[in-house]
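Colleague: Let me begin by handing over the structure; questions about it come next.
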Ligand SMILES: NC(=O)C1=CN([C@@H]2O[C@H](COP(=O)(O)OP(=O)(O)OC[C@H]3O[C@@H](n4cnc5c(N)ncnc54)[C@H](O)[C@@H]3O)[C@@H](O)[C@H]2O)[C@@H](O)CC1
Ligand SMILES: [K+]
């Protein structure tokens, strides 16, 4: 599913209007969807307070107020701003509301079971202040449930950032397509449950808009997800090579197990001779070979069936790790650089970037701290997480997977996916090592870098949901099995239709 910025959504509206469907009709459909959502949240005949602004978001509110009253609910309407300055379509919707329009005050909100927040939507253009800020605070202090129209007022639909202060909603009803602000934090948390309604905008407008951001779902990458065929064998399913470190050996072991579970035909882990027995004792199906520094790693790379390489988990943020990363990039394999491998380039990121560009099939998987170390030019940037990841992907010539509860995956060509399925208990030691292993396993099976990174982030989140609270990273590779079963099942169904 595409994610549309507010600017892209305005274009969708404009294209629809140009094709002969006026804004007033879209507003009526939007108001009907708000009414339907409100009804789902309300006991029969309850009291609803509709908080309107003077823009079209307020227009949706006025439509919903009228329809809710017609359905037998007790409805009060409050407005922030001058009713005389309403936008034309919103003014037309307001004219059909025959009840009083009050100034917003705490006592009028009292007794409402539900507040419909139609103060600001896509038109939010500055920080919420003055009377609007007062209204937002009254909503947040109220004990009523809150249904936000399009976005909670104060949340920027494009970035998910809060402009000043924002309404905390229990549910948000939005139209045509979700916006990045519904999935990026903190916006996602403020939306509550997000519902999507179709209001008569034809999907055909998406071609003209050319959106390049998607919600991270199998529909985005499922068509190139590797599914083992009946005639396949382990040599046809790729061969992942993982560089193991000498101190934190658990990290590379987790990654190796995850790469194997993901379906790579073979996984080789190169380990410094001193710690070889630790790796050998802990891994059965993974091939563990001695690897003595740079030369040893170069030897492992001589076998060109090893087509995807991971450097970073537990490697040590030092020059030796940087050399391994360098060799991997030079080898023209698909490469994942994680954790210490990223930090090892912190003083000379340009070197990393130039190598990435030559390789062309590289995934970098930083968390915020590593991101700030490697992409120093973007440190402290006011841009959204989506835009920062995109800028980093463009600058580095690689796919960038910027971790978090709202992981963003961006490609150098501007494509981006945002994940929303990671439960809080996934933030635990070793979880990132598993993610790096999943990506490597998918790359080994020939999946392109952007799709592999997006698929891995989704699978990682789904596996964590399978496990539930109390998850430790060791649980994750095994929990990939039901996730893979779902993906293989979906692929089989797609083939049979
Ligand atoms: N354009 C369309 O075709 C449709 C739009 N729809 C609704 O229209 C909304 C967008 O409407 P608008 O573009 O009119 O924008 P909004 O209704 O979000 O608000 C815009 C108004 O608020 C003012 N404003 C912005 N930030 C402010 C702040 N911080 N403090 C005080 N005033 C502020 C602006 O100057 C403008 O007057 C969508 O979110 C959606 O709810 C729906 O009715 C469906 C159809
Ligand atoms: K709103």
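For all residues, glycine too, the Cβ spot is worked out from N, Cα and C.
Unlike curated records, TrEMBL annotations are generated automatically.
When I checked TrEMBL for this same protein, it listed these features:
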BINDING   56-60, 121-127, 150, 251, 314, 367, 433  (6S)-NADPHX binding site
BINDING   57, 117, 153  K(+) binding site
BINDING   403, 404, 405, 406, 407, 432  AMP binding site
DOMAIN    9-207  domain 'YjeF N-terminal'
DOMAIN    217-487  domain 'YjeF C-terminal'
Colleague: Calculate the distance in Å between the alpha carbons (Cα) of residue 406 (AMP binding site) and residue 122 ((6S)-NADPHX binding site), and round it to a whole number.
Modeller: 21
Colleague: Cα-Cα separation of residue 432 (AMP binding site) and residue 153 (K(+) binding site), in Å?
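Modeller: One finds 34 Å between the Cα atoms of these residues.
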Colleague: May I have the list of same-chain residues other than 403, 404, 405, 406, 407, 432 whose Cβ is within 8 Å of the Cβ centroid of the recorded AMP site, in sequence order?
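Modeller: Surrounding the site, in chain order, are 367, 402, 408, 419, 422, 457.
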Colleague: Tell me, what is the mean pLDDT of the domain 'YjeF N-terminal' (9-207)?
Modeller: 96
Colleague: Return the residues near residue 404 (AMP binding site), defined as same-chain residues 6+ apart in sequence whose C-beta is under 8 angstroms from its C-beta, sorted by sequence, else 'none'.
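Modeller: Counting only residues 6 or more apart in sequence, the Cβ neighbours of residue 404 (AMP binding site) under 8 Å are 185, 367, 368, 385.
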Colleague: In the same chain, which residues outside the set 57, 117, 153 have their CB within 8 A of the centroid of the CB atoms that define the K(+) site?
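Modeller: Checked against the 8 Å cutoff, the neighbours are 51, 53, 58, 61, 118, 119, 120, 121, 148, 149, 150, 151, 152, 167.
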Colleague: What's the CA to CA span in angstrom from residue 407 (AMP binding site) over to residue 153 (K(+) binding site)?
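Modeller: The separation of the Cα atoms works out to 24 Å.
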Colleague: Who sits close to residue 56 ((6S)-NADPHX binding site): which same-chain residues at least 6 apart have their Cβ under 8 Å from its Cβ?
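Modeller: Listed in sequence order, they are 23, 27, 87, 89, 90, 121, 123.
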Colleague: Tell me the Cα distance separating residue 122 ((6S)-NADPHX binding site) from residue 153 (K(+) binding site), rounded to the nearest angstrom.
Modeller: 9
Colleague: Which whole-number value in Å describes the distance between the Cα atoms of residue 117 (K(+) binding site) and residue 59 ((6S)-NADPHX binding site)?
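Modeller: With distance taken Cα to Cα, residue 59 ((6S)-NADPHX binding site) is 11 Å from residue 117 (K(+) binding site).
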